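Annotated in Swiss-Prot:
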DISULFID  CYS23-CYS87  disulfide bond
REGION    1-23  region 'Framework-1'
REGION    24-33  region 'Complementarity-determining-1'
REGION    34-48  region 'Framework-2'
REGION    49-55  region 'Complementarity-determining-2'
REGION    56-87  region 'Framework-3'
REGION    88-96  region 'Complementarity-determining-3'
REGION    97-106  region 'Framework-4'
Amino acid sequence: EIVLTQSPAITAASLGQKVTITCSASSSVSYMHWYQQKSGTSPKPWIYEISKLASGVPARFSGSGSGTSYSLTISSMEAEDAAIYYCQQWNYPLWTFGGGTKLEIKR
């Protein structure tokens, strides 16, 4: 089983600040996906196949990486971006998820 470790576990960013969330895999993976979850809702697909934005995701989000190291970046934090973000990969026959990164607004 491939283990995904996200960093940081919790972070706070000011509006307009650049934010980067990283996901490290215990073995090389071909594709990494990202989900956004807001309080009381199910996780939504956010970025798929490393860098492709899901429908409706703002262009300030981007994804990158290869091998065992991947990241999600927000170029300029907005209030609506406060959420929990999860990385996820599939390695037959298992889906595995990272533990999540809680992104809050710094006030």
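A Cβ is built for glycine as well, from the same backbone N, Cα and C atoms used for every other residue.
Taking all protein chains in view, 28 other C-beta atoms sit within 10 angstroms of the C-beta of CYS23 (disulfide bond).
When each of 1-23, 24-33, 34-48, 97-106 is checked for Cβ pairs under 8 Å to the region 'Framework-3' (56-87), 1-23 comes out on top.
Of the Cβ pairs linking the region 'Framework-4' (97-106) with the region 'Framework-1' (1-23) and spaced 6 or more residues apart, 3 or more are under 8 Å, so the two regions touch.
Counting Cβ atoms from all protein chains shown, CYS87 (disulfide bond) has 29 others lying within 10 Å of its own Cβ. Look at the region 'Complementarity-determining-3' (88-96): DSSP puts its residues at 0 helix, 7 strand, 2 coil.
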